[in-house]
Structures are given as structure tokens and as C-alpha cells.
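Student: Below, the features straight out of TrEMBL:
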type	residues	note
TRANSMEM	21-51	transmembrane segment
DOMAIN	37-286	domain 'G-protein coupled receptors family 1 profile'
TRANSMEM	63-82	transmembrane segment
TRANSMEM	94-116	transmembrane segment
TRANSMEM	136-153	transmembrane segment
TRANSMEM	196-222	transmembrane segment
TRANSMEM	234-256	transmembrane segment
TRANSMEM	268-286	transmembrane segment
Amino acid sequence: NCTTIVEFVLLGLAESRHMEITLFLLLVIAYFLILLGNVSVISITLVNNFLQTPMYYFLRNFALLEIAFTSTFIPSTLYSLLTERKTISLPGCFLQMLFFYCLGTCTLFHMAVMSLDRYVAICHPLRYTAIMNSRFCLQLILSCWALTFLLMFPPTIMTIQLPFCGPNVMNHFYCDTSLLLQLSCADTGLIEELMFIILIIILPGTLIVTAVSYGCIIFTILHIPSSAGRRKAFSTCSAHLLVVTVFYSTSIYRYIRPAQRGGHDSDKVLSFFFSVLTQMLNPYIYSLRNRQVKQAL
């Protein structure tokens, strides 16, 4: 009943019309590549009998997640860039925030699960089939979703229930929780503390799992007798680690840096890196560079 505003204003990625058109074209290309890469991964792993393995099962689910995650904000951003309409309704903003953070969190858990899968495949190849059976793979996927909703729903619901009396302007291209909390008329200290604790659990937590898994993988690779085999394995791991480094470094700096008010242009740049750039690279780094996928294509 205290809400006096009916929409938020998202300032977007650019101020000048010329820059908006340029960014629109670049974002269209990026979104097309994201859709093309991930749809290709899903299609190939579904129809090819040789790709019915746990690794490609996880990659297929990861591709679905990426399509859903980027679709929560890229189409609306493109519409805003093209029409110069920068407003979003309260329900639309809340829904975008809910899906963005839930799908983004689930993506982090999936990346950790995929690193565990590669660890088992490379470090324990003889036990791989027994450990990564279909039931265990399904349990891992369901666990990712369960943890996501368990962690992200409470602060999101608390944020939605806050009163907003104005101002209603956010210097961003999607509805960001930290900026929404700044616009609320109520005390948001409890929600901010809860969000910080949850982000500490999610970001460094999944990063540790991923880093330890790849550390064990690299240690195993070093003991491969063939130099050609070592180069090939290092090539794959280095590409994966590049994506992981960009994704986590920008995410952690954006959300777990020393306390300061958000809304800076640098926040938008960091968000663009982990929400668009890495999502564009993921299908090509994780899947389409693979020899089996190339043969299937």
C-alpha cells in the first residue's frame, strides 16, 4: 500500500543514440551466437548416439540454462536500445530479477558440477561409468536447482515486498537487486546482510569446487607420458579456465567487493562481461571445440 511508483527507469548501456544503435547491433550478434551455439549443442547431444554420456548430459542442461538466463534480459535490453523506451513495470522488474538471479545461480552450480564430472573422468577413468551413472547425474542436476531455490527465494521474496516511493531510476540495463534495495523507502539492512552471506556461499563456494577439480585435473595431466596428450589436455583445460576466470572475477568484484553504493558505469561493464560475453563463449569453449562434437556436426 506504500508503493507510489508503478515502473522503474533503466538508463541502459549508452546515452547517445549513435552508441545505442551500435550496441544494439553488437548485442544482436552476441545473442544470435549464444542461441546458435547452445541450440547446436542441445540438438547434437540429443540426436547423436555417441554423445549420450554424462559429460554431454551436463552440457545439454548447461546450454538450456544459458539460453534461459540470457533471455531474461537481452530481449528487453534490445527493445530498449531500439525504441529508446527505458521503463519497466514493477512486476516485470521483479520477475526479471527473480529469473536472472535464480538462473545465474543455477549456472554457477552447473559449472561446479561439470568440473567435478571432468575430474572423475580424467582422474578416475576406470570408475567413471560406475560413479557418474544416470541416477547420480539426475540427482546432481536436481540438487543444483534445489540449492538455487533454497538460497535465492528468501531474499528475492523479501525484496519484492519492500515499498518503493521514489526515485525510480536505476543506472543499469536490467533490474539489479542491489540497486532495487537502494530505491526502497524501508530499512533494507537485513536483506543486504542476507544477500551478502548467500553470495559468499555461492560464488567463492562454487569457485573452490571448480578450482580444486581443475587443480587435480592439471596434476593428473602432468603425469601423462605423451607430450601430445599433455598439450591437448592443457589446451582444453586452459580454455575452460579462461571462461571460469572471467566469469568469477567479474561476478565476485561486482557483488562481493568492499561495501559501497552501486549504480556506477563500471557495474554495467562488469555485468556485461559475466552475463553476455562469457555466455557467448561457453558453448564454443565447452562443447563445439570438442573432437566428438565436431565429428557429430
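Using the three backbone atoms N, Cα and C, a Cβ is placed for every residue, glycine included.
Keep in mind that TrEMBL annotations are predicted by a computer and have not been checked by a curator.
Since the structure is predicted, the reported quantities are computational estimates derived from the model, not experimental observations.
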Student: If we skip the immediate neighbours and take only residues 6+ beyond the ends of the transmembrane segment (94-116), which ones have a Cβ under 8 Å from one of its Cβ atoms?
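Tutor: Residues 55, 58-59, 61-62, 65-66, 68-69, 72-73, 76, 88, 140-141, 143-145, 147-149, 151-153, 156, 159-160, 174-177, 180, 202-203, 206, 209-210, 213-214, 240, 244, 247, 275, 286.
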Student: For the transmembrane segment (196-222), which stretch among 21-51, 63-82, 136-153, 234-256, 268-286 has the most Cβ pairs under 8 A?
Tutor: 234-256
Student: Taking only the residues in the domain 'G-protein coupled receptors family 1 profile' (37-286), give me the average pLDDT of this model.
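Tutor: That stretch averages a pLDDT of 87.
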Student: The transmembrane segment (234-256): which same-chain residues, six or more beyond its ends, come within Cβ distance under 8 Å?
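Tutor: Contacts with the transmembrane segment (234-256): 111, 115, 118, 178, 196, 199-200, 203-204, 207, 210, 214, 217-218, 221, 267, 270-271, 273-274, 277-278, 281-282, 285-286, 289.
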